[in-house]
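Report on the following structure.
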């Protein structure tokens with residue numbers, strides 16, 4: 001009975017975090033105008049090499065805070081990292097995001113989970129107001145230069161602006177009739193959405209998008225692998 005209560009409480013916390021992220025993505029449309037410059041999947045793929053380089057730099061950050069060199073970061077190591085990066089959230093929010101991103105239940109954050117976790121914290125820690133001078137200054141330039149373009153890709157795919165991706169919009173965007181030479185095969189677009197839609201609900205939140213997007217970008221893969229697989 002206790003286990004069921006704990007799981008229910010955790011699910012409620014995760015649902016609240018998911019809803020908060022969705023609201024943040026809606027608010028972000030005016031803060032990240034770069035999403036309007038994206039026209040097709042090719043324009044997204046062109047960002048992959050720079051993002052891949054940035055992710056390699058993030059690995060250096062990860063390794064510098066993995067004090068016991070076990071390939072994971074625990075909650076205390078994460079807090080030290082966030083303090084150094086000047087990213088501030090409440091302890092409760094950090095703990096909730098930490099467990100939410102520990103998708104394999106290993107009680108430690110691995111590198112791919114760390115990227116997603118750091119991006120979520122960066123996004124939620126930033127002010128929502130476009131007029132705030134801190135909104136473009138918070139956090140190191142390294143983190144901003146990597147995560148801002150990823151947010152813009154999500155906003156590009158989120159055509160209805162509700163903070164969630166739905167299958168019809170994503171497929172329509174990737175098969176944009178205005179760019180016939182850059183259209184993705186239908187089986188590829190369906191597969192890409194399924195990679196994001198873990199619960200097979202037809203809706204994808206920012207966290208699920210992040211995990212899928214990291215695998216698309218890769219750290220060692222060639223750019224054309226994304227379109228041909």
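Every residue, even glycine, has its Cβ placed from backbone N, Cα and C.
Taken together, the residues in the domain 'EF-hand 1' (53-88) have a mean pLDDT of 89 on the 0 to 100 scale. Annotated domain 'EF-hand 1' per Swiss-Prot: 53-88, in sequence order, evidence recorded as sequence analysis.
Long-range Cβ proximity for residue 68 (Ca(2+) binding site), meaning a same-chain Cβ under 8 A and a gap of 6 or more residues, is found for none. The Ca(2+) binding site annotation in Swiss-Prot covers 66, 68, 70, 72, 77.
Taken from Swiss-Prot, the feature domain 'EF-hand 2' applies to 89-124. Tertiary proximity for the domain 'EF-hand 2' (89-124) is limited to same-chain residues at least six positions away from its ends with a CB under 8 Å from its CB atoms, namely 10, 13-14, 17, 20-21, 24, 28, 55, 58-59, 62, 70-75, 78-79, 81-82, 139, 143-144, 146-147, 150-151, 206-207, 210-211, 214-215.
If one looks beyond the domain 'EF-hand 3' (145-180) by at least 6 residues along the same chain, the residues whose Cβ comes under 8 Å of a Cβ in the stretch are 21-26, 28-29, 32, 34-35, 38-42, 44, 47, 50-51, 54-55, 57-58, 118-119, 122-123, 186, 188-190, 192-193, 196-197, 202-206, 209-210, 213. Residues annotated as domain 'EF-hand 3' in Swiss-Prot, with sequence analysis given as evidence: 145-180.
Non-local neighbours of the domain 'EF-hand 4' (184-219) in the same chain are 18, 21-22, 24-25, 41, 48, 51-52, 55-56, 59, 100-101, 103, 112, 115-116, 119-120, 123, 150, 153-154, 157, 163-167, 170-171, 174-175, 225-227, 229; each lies 6+ residues outside the stretch with a CB under 8 Å from one of its CB atoms. Under the heading domain 'EF-hand 4', Swiss-Prot lists 184-219, citing sequence analysis as support.
Residue density at residue 66 (Ca(2+) binding site): 20 other Cβ atoms are found within 10 A of its Cβ, drawing on all protein chains shown.
Figure note: comparing Cβ neighbours within 10 Å for the binding-site residues 70, 72, the maximum is reached by 72.
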